[in-house]
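Heads up, the thing below is written out as structure tokens.
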């Protein structure tokens, strides 16, 4: 009966191990594990942190839930409930703060994206993440293509000797359905053109307003996903607490 109740925790445990393994493998490939100090060298966000944090949380929850249920360990089950409750509380707090301080969140998002624009060429994982974001939301920069002036390779200063000067990454380029192969040089000199001509070649809308538009268009789906996750968390807490009560009741009858 216990494995059926906590089947999700078995899945969480193995997924957590998988995510941690992927994260550590990625850091090993980039040489971070052989030089730990390089973690702080990247000016932007390292996407590997996502795998490590998500994997770590899933592993802790899965381990506490599985072992606590199988060994009837009330300490681990209570830890599972409290840890899951803290995550639920943090999610709820973040949602409320995001709604109340929308302008502050927008400023922080703008600051975050611009920091990553500066570090675009410093890390291949970050580069791929930015390219995916710009392609998916059909945007360029935080609030516009000129945000790429923050990057030493793409800025338009006269002292910049880079061939990418006054350009943008290929992910900013509007896509031609007839093209089978991506032209990675399509953004060269794009920002030297008049704004009217730029709109033909590249996306001129920023990623922050495009994200806001996407969020408004998919608000029902996003809200449904968060409500579903919250219900699963509450359900998990209730199951763990019920199991603790059953274990303690049985032990009290001895």
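Heads up, residue numbers simply count up from 1 along the chain you see.
Glycine too: its Cβ is placed from the backbone N, Cα and C atoms.
Just so you know, TrEMBL annotations are computer predictions that nobody has curated.
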| Looking at 48-70, 117-139, which one does TrEMBL call transmembrane segment? | 48-70
| field | Separation of alpha carbons, residue 156 (disulfide bond) and residue 172 (disulfide bond) (Å) | value | 17
| request: Taking the Cβ of residue 156 (disulfide bond) as the reference point, list residues of the same chain whose Cβ is under 8 angstroms away and which are at least six residues distant in sequence. | output: 149, 165, 166, 191, 192
| query | Where else in the chain does the transmembrane segment (82-101) make close Cβ contacts, counting only residues six or more beyond its ends and a cut-off under 8 Å? | reply | 57, 60-61, 64, 226, 229-230, 233-234, 236-237, 240
